[in-house]
Amino acid sequence: MALHKLELFENNIGVSDAVLLEPIEEEGFIENLKKRFHHEQIYTYIGTVVVSVNPYRKLPLYTDDVIFEYKSRNIYELPPHVYAIADDAYRSMRDKNLDQCIIISGESGAGKTEASKVIMQYVAAVSGKGQDIDKVKEQLLQSNPVLEAFGNAKTNKNDNSSRFGKYMDIEFDYKGDPIGGLITNYLLEKVRMYNNFPVEQFFVEGLAFLTVTLTELSQEIKNICCKPSLSSWAIPLLQKTIMVRTPGKKKVMGVLDIYGFEIFESNSFEQFIINYCNEKLQQIFIELTLKEEQEEYIREGIEWIHVDYFDNSVICDLIEKSNVGILAMLDEECLRPGNVTDTTFLNKLNQTCCEHPHFESRGTKKARSDKSLPHDSFRLRHYAGEVVYKVDGFLEKNNDLLFRDLSQAMYQCQHSLCKDLFPEGDPDKISLKRPPTAGSQFKVSVAELMKNLLSKNPNYIRCIKPNEQKRARVFEEHLVRHQVRYLGLMENVRVRRAGYAFRQLYPQFVYRYKMLSAATWPNWYGVPKDGVKEILIAQDISSDEYTFGKTKLFVRNPRTLFDLEERRRDRMHYLATVVQKIYRGWHQKELFQKMKRSEILIASQWRGYRERQNYLRTRKAIITMQSYQRGWKARQLAKKIRRAKLCLWAVGVIRKYFQGWQVRREYRRKFRSHAVPIMIRFLQVSLKRKFLLDLSKKLPSLSPIDQKWPECSMLHKEASEEIRKIHHRWRCNKYRAKFDDAAKSKMREKVTASNIFKGKKVNYPESVAHPYNGDYIKIRYNTKWQKVASQTGDTQVVFADQVSKIHRSNGKMASKLLVVSTSALLVVDQRSLAVKYRIPVNMIEKLSLSPFSDTLVVVHVKKHENGNKDVKKGDFIFSVDHVIELVAKLYLVIHNSSGATPDVIISPTFQAELSGKSTQMAFKEANSGNNMGGVKISKKNNSFEILET
């Protein structure tokens, strides 16, 4: 984490983290939210929980620049924001392989759906790029309009009211790139849609599923109209799922956007199950928060402090416990034969729950005289407050009988989408078994949701709406207080404050407060924990106010932290003053030194100027005197010259006439002797010019192998030959300029072969037109060879072919694979590809061949290389079909590796060392001219005789 910018206390109005409020009171908490709200700071932390107040207007908080600021930053490093929670969850999932869940709760109009959109926007922005990834991102971002079309509409309270809980699992690959998503909906309330949603506002026209892939749903949709039931009861639509492709092993980040706790003037079955769901969410929230706190204490080696808090498990048991819970008794009444009504259900509750401290009705002793409680109602004391539920309609809504008839009717529609949406209406699948009740379905659904959330690392966003009119800059305290209570925010603050209110990593603490101790200022190079101790001792803070963990300092009282901040602020002002003082002193010193240097420079320049002026005046006087003197001397000399000129003039005139006469006489003589040769030379130049013009029109093609050349007269034969050579060199250069590196390499091999074999070996001309392919057996693509080459380091193959290896003792041939890499020559078994011999190229001394048409080559190895077992037996003899190519390539490989070139001996006889003995190799050319390159080898004493066949 970067230490250069910690802004928990910087640029903030009020307190950024409510855990640091002092004292912990509801009024102070709400006042802090209000103060921050009016300064466009709509986010506040409670530890790692984000409280979001809906501004009902656009704020510049969601730009690409803001996303960049929050990317890969610590949650407390910047002011509170949904981006901070999203980034922390995303990095924990990507880097620590911990599945995440972001739980967004609040009442209708508080901005839950917008918060989920902001989270998906952030994840899409910070994850990887690519065509497939961008497509999945677009699908996830476009999923909201599709889901809203099936359960959202404009109401009197909200422009986009969601009447179901929406849970989305965004799935990522191992790199953290999104690969798909899974969306699950909970509790679509048709009664609320009927009471609050005008049907025409719920009509969606022209909805085209352009990017979101709906599993097995029609994409030819023109209109969708979900007309709600006209009855006064709700049927829950549980776990309707929309999926986007999900291949391979995945990491998951879940986003839960769900209805908040509801307390209306008239509360019925819908509010009962909604509040039951919120009780379960509050239960796991407190449990996970305490678990997280306890784990951090254990991780830091600090003794766990017991936390007193309201445990709402007693309320959850009251509602969901088997056999004796409210839902169980409701199902029992629905299934019991006889005369059952909502009143008999209430009477059953009065009998079973009368002693429960969180249940009250007029049928119980403790509320019998409470006139505020109607006779047809019961009251539950939820964690968020007391709620009165009217039992009218409980049994009918719980039975869920109408859903079967609606499903069958919708399945009969002609549109294929209706059959996909209501598969349970298929007549072939109709079951006479009584369908499960709405309450039991919802209980199972909530249990599955809780199980899902408990399997992930939780993150929380609590949304609050500041007013009922959806007006910007209006903060109604009574409405906010109501939401603060039912969201359990003060309980959350108290749990977070239990024990130690603030904790910070040692390096961060030292970096922020190092100016409060002379030992740590300006830099601390020791262990960070020791630096923290120095600061606390210097500030005389009681040891009861803090404790040391393994990596963090834990501060018990927020006042201690605020005191440190105040002292830091004062110290910063002092240091700023010191810096200003030092800067001003330095600045004045620099100014003085600059002025002193300027004074010295001006004085020296002035002295130099005066000396130059004196010198110039003196020099001018001397020059004036010298000029007068030279003038006088010149005048005297002129007089003498005028007298001498009179004599010289006469002599000059005579000489001039005489010289003119001599020139004219010489010109006439030379003209007579040179006129004819000049005329002949002119004629020759004219003929050469005509020859060159004619030649330029008859030049041959640019191909270097084109041997044609225009004929000319004997007069220009020598010049024509020189021009032909120049033209040939020019077109060769043009031809070579077209080659790429690969072509140049092949041409280099051909040139090398020409230099070695041209005019020396009989079968060389046959190889000129043959292209050098190198790998004739495609060994570089063989997986076995790739494994062998990776072990020996011979991955770059220059030449590979099937050859015959000549046995050193008897001359017999054995079929092998010969491979030349950039570093070695290898003899390989052609079945297993096992390396039999590996001779590094720097151990090859020379190569020997006969001048005849055979294909044998002897590879001479250096004898002093005793460390290599492969060369101890001596030189190697191979019969290679592409022997010319092999020698040329091996020649270049050796040269490239060592910088030296091996000797290539081409002779009918030469010596080779075989099995430790010097052996003569004698080649004989066959009498017939139709030689096929084959040989017959025989050994006599210490010599091999090779006869062409």
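Heads up, the Cβ atoms here are built off N, Cα and C, so glycines get one too.
Unlike curated records, TrEMBL annotations are generated automatically.
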Ranges 9-31, 377-399, 446-468: which does TrEMBL label region 'Actin-binding'?
-> 446-468
When a 10 Å sphere is centred on the Cβ of G109 (ATP binding site), how many other Cβ atoms does it contain?
-> 23
Would you list the DSSP helix, strand and coil counts for the residues of the region 'Actin-binding' (446-468)?
-> 9 helix, 8 strand, 6 coil
Can you count the other CB atoms that lie within 10 A of the CB of G111 (ATP binding site)?
-> 24
Average pLDDT across the region 'Actin-binding' (446-468), rounded to a whole number | 89
